């Protein structure tokens, strides 16, 4: 099962889903991040970020509920068809993620109505593990590459 949402556990655990398994932290006592609205996720005023074909651009998105203690290494993933590009990213003090500059070309895919969709994700890893975790993108924020 793959989902793109967070759910609250029945007891005290929070479960954030975005990969093929449910990752939960089950512990006794009160959770400091209870419920779906408290899971780390991307927020944006609009779901489509428009970028002209051939333009080099830094994509910036606002995040909520990041844990600064263990969420340290951020990267942005852009997928056009079967082609994936990964760029380094920095987190600002006000929880914005700014992706390194990306060249937005159509990469040989068919253009529908003068635009090409680019799937967008922010991933993170901790300083003690190289395993990547995808942050929830419940709003479906994506880049639209236009002519």
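Yeah, the Cβs are placed from backbone N, Cα and C, and that goes for glycine too.
TrEMBL annotations: computationally assigned, not manually curated.
Here TrEMBL flags 48-143 as domain 'Plexin TIG'.
Taking H, G and I as helix, E and B as strand and the rest as coil, DSSP gives the domain 'Plexin TIG' (48-143) the counts 0 helix, 54 strand, 42 coil. Averaged over the domain 'Plexin TIG' (48-143), the predicted model has a pLDDT of 88.
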